[in-house]
Amino acid sequence: MTGTDTELRISKIRDGTVIDHVPAGEALHVLAILGIDGSGGEGVSLGMNVPSETMGHKDIVKVEGREMSQAELDVLSLIAPDATVNIVREYEVAEKTEIEPPEQVAGLLSCPNRHCITNAGEPVETRFDVLDEGVRCAYCETIVREEITDHLAV
Ligand code: CTP
Ligand code: ZN
């Protein structure tokens with residue numbers, strides 16, 4: 001199926017962010033990372049399980065009037081390492097970034113260990129080292145392997 005067929009499913013946006021090449025089934029996790037639940041009023045279009053020449057099937061997330069922070073991109077890389085983030089301005093793709101896995105992610109995830117210093121009510125920002133098999137708290141070394149988005153600190 002060609003790009004044109006995809007366009008028929010989800011229309012172009014004027015200003016905002018298109019996160020393309022998201023693994024099929026992960027679009028709702030991408031929204032969770034962005035802290036979007038619909039209450040903020042932004043326009044959101046999702047393509048889920050869209051046919052893709054390179055990936056078989058993929059998800060696409062389009063958010064109007066919103067760009068992504070580096071912390072959000074870092075967590076995104078954990079679930080969508082091959083995603084492309086397109087910043088759209090006046091209908092044109094103004095910037096296209098390939099996701100790169102960071103060595104650490106700061107701030108967006110919370111540590112599941114209740115005794116961790118990051119859960120003690122201190123002003124300590126969470127930090128996780130990125131491993132092949134998941135992420136590891138830089139303070140207490142607890143490893144989160146699966147369902148990383150369940151640990152979003154939002
Ligand atoms: N897009 C959009 N609204 C726009 C411009 C682009 O929703 N005003 C979307 C396109 O539908 C596509 C993505 O942004 O999903 C990237 O657009 P573009 O770079 O034009 O497409 P490709 O060349 O196919 O991208 P890539 O090479 O990254 O696959
Ligand atoms: Zn910890």
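Numbering starts at 1 and runs along the chain as it is shown here.
Glycine too: its Cβ is placed from the backbone N, Cα and C atoms.
TrEMBL does not curate its annotations; it predicts them automatically.
Feature annotation from TrEMBL assigns domain 'Aspartate carbamoyltransferase regulatory subunit N-terminal' to 8-99. According to TrEMBL, the feature domain 'Aspartate carbamoyltransferase regulatory subunit C-terminal' maps to 104-147. Marked as Zn(2+) binding site by TrEMBL: Cys111, Cys116, Cys137, Cys140.
Shown on the structure are the features that TrEMBL records.
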| residue | record | Cβ neighbours (10 Å) |
| --- | --- | --- |
| Cys111 | Zn(2+) binding site | 25 |
| Cys116 | Zn(2+) binding site | 17 |
| Cys137 | Zn(2+) binding site | 22 |
| Cys140 | Zn(2+) binding site | 14 |
Same-chain residues at least 6 beyond the ends of the domain 'Aspartate carbamoyltransferase regulatory subunit C-terminal' (104-147) whose Cβ lies under 8 Å from its Cβ atoms: 33, 71-72, 74-75, 78, 153-154
Secondary structure content of the domain 'Aspartate carbamoyltransferase regulatory subunit N-terminal' (8-99), with strand meaning DSSP E or B: 19 helix, 39 strand, 34 coil
For the domain 'Aspartate carbamoyltransferase regulatory subunit C-terminal' (104-147), mean pLDDT (0 to 100): 93
Cβ within 8 Å of the mean position of the Cβ atoms of Cys111, Cys116, Cys137, Cys140: remaining residues of the chain near Zn(2+): Pro112, Asn113, Ile117, Thr118, Asn119, Thr126, Tyr139, Glu141, Thr142
